[in-house]
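Report on the structure given below.
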Amino acid sequence: MRLIYVIAILLVSTCQAGFFSSLVSRFTGGGNSSPSSSSSSSSFSNSRKPSLSDEKARSYLQTFGYVPPSNSLQSRNGMAGDIQSAEQVFKSAIRKFQEFAGIAKTGFLDAATKAKMALSRCGVTDAPLALTSGSSQFKWSKTRLTYSIESWSSDLSKDDVRRAISEAYGLWSKVTPLEFSEVPAGSTSDIKIRFGVRNHNDPWPFDGEGGVLAHATMPESGMFHFDDDENWTYKDARKIHNNEATDLLAVAIHEGGHTLGLEHSRDENAIMAPFYQKTTDSSGNYVYPNLKSDDISAIQAIYGAGSGRSSSGSDFGGSSGGGSRTTARPTTTTRSWFGRFFGDDDDDVRSRTTTRRTTLWPTTQSPFSGDDWGSGSGSSGRGGSSSGSSGGGCPSHIDAYTPSSSFSYAFSGSQVYTISGTKVTKVQSIHDLFPSAPTPVNAALWNPISGSMLLFSSNRVYSYYFSNIRQIFQMDSGFPKTLPSDLGFSVSGALRWINGHQILMSSGDEFAVYDEFWNQVTLKNRISSYFPNLPRGVKGVESPAGSVITAFTSNQVFEYNSRTKSIGRQSGFSSYIAC
């Protein structure tokens, strides 16, 4: 069933090419109608395909998920009647790609955008894979996996191919409990690796030299294919530096990540970024394609951390220098649903943000229990410019709470409180700091990767970025947006979990993992199933350190241990910030 799902999400419709082509000229403009921007990284260069045509750029956006198959950009009667709506979708698709690729978000198919599209890349869609309620992350249900190489490269020896695959899986093995071993072709293996060209007996034909280099499917289907029309090499720095060949090892690490359940990363330095990264420096020296922190956080969020032991060579086929671990491991306890998705079992799983605050609990504690948690006491009279404030500059309640890169922000009624450490440093109108923001704010969320501050109110989301010149937050273009209909509840709290997942919470027992880039829900479930013993009414959390988070309800603060699922120290909000 999962294989069918992956196939469905990767396949796109091109039957409306004629209508779509009529839009292309509106977004190209011959170079004068749109701003220009430069490519973000020379390490992604590929001299064989300098740019894409307008028609291929259109197809690219469909192929890699920026225009969903359900949105055909054609009116109901089959005529190109709703041109304005189609233009909006197309421009949004271009901007999504530009943001994902790290280039200027012009909304036009400018030269920089088409040049980025021309880079060699993975064939897997950039759109996130949605998880249905009650399902687990795309992952293997066991830790010992086998792979077989069913066909071979026309450029490399079998030993070099074996070494590359063994090293690739060895890197993933070093940071997870997973173990990999090669078995002979034709065996019953978990992952089947092939080299093929053009139509090669799967739903996704290759495109010849350049463009798509390889593709793979999510667990537990185990499909892993390289395009044999590429010129492959194994760590040959001269060929790689001169753009004569593509490093098989780098591509194998990336595709191997897909076979383990990883999607594409928006971090352009990560192995799981969709674009091929040359493995040489400016002097032509080979640079080993190691996993980056983003890759490690993502894979450990699914499987947990490994033992840290060095990997050993494969026992099959005589590979030397490989990375697949074949040594025996102690039996481990099956992880909970919570651990499978949120990676709670290890203290060394860290947020990708820097923890700014060392929790400073006040000497005088105000412990609460039972029905007092998240009850919203003291929340009457919200909405006026002065409501929600008590003596000493402290709010009597909070509607939303979030950390950011420099400060934390507590929202109460029509006011926002800037907090440094455990001190309120400024109180001002929400509209002064966030022009055109809703009041009250029901939830707030800071995304350290994009630098966006998300505000939620009713069924809408507002995205802001901080202007260093104006010293206020300014709304991103394209916002506010209506939250996806499948969210199914009113947002009353939001938090960024230890491994980077962005979580929206209801006032009851529902939560959803949310991606604002695609405005999409990727997981829904019950809070009590994933966060046992977490009090109701959580508004936000401080940047977590290890497995312990500091969480805020409307008028309370408490510690929650994500590993033991237990409540620690507790305090009233006004006591916590020493007002």
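Every residue gets a Cβ built from N, Cα and C, even glycine.
It should be emphasised that the depicted structure is a prediction, and the values quoted were computed from it without experimental measurement.
Here Swiss-Prot gives motif 'Cysteine switch' for one range in the set 64-71, 120-127, 432-439, 528-535: that range is 120-127. In summary, of the candidate residues Asn32, Asn231, the record from Swiss-Prot lists N-linked glycosylation site for Asn231, whereas the others have no such entry there.
Per DSSP, the secondary structure of the motif 'Cysteine switch' (120-127) breaks down as 0 helix, 2 strand, 6 coil. Through the fold, the motif 'Cysteine switch' (120-127) approaches residues 9-10, 46, 49, 63-66, 68, 97, 100, 204, 206, 210-216, 230, 246, 251, 254-255, 258, 263-264, 274-276, 518 of its own chain, all at least 6 residues removed from its boundaries and within a Cβ separation under 8 Å.
Across the motif 'Cysteine switch' (120-127), the model assigns an average pLDDT of 76. Residues near Asn231 (N-linked glycosylation site) in space but far in sequence (CB under 8 A, at least 6 apart, same chain), listed by position: Asp155, Glu209, Lys239, Glu244, Ala245, Thr246.
The secondary structure of Asn231 (N-linked glycosylation site), as reduced to three states from DSSP, is coil rather than helix or strand. DSSP states for the repeat 'Hemopexin 2' (438-490), grouped as helix (H, G, I), strand (E, B) and coil, give 3 helix, 25 strand, 25 coil.
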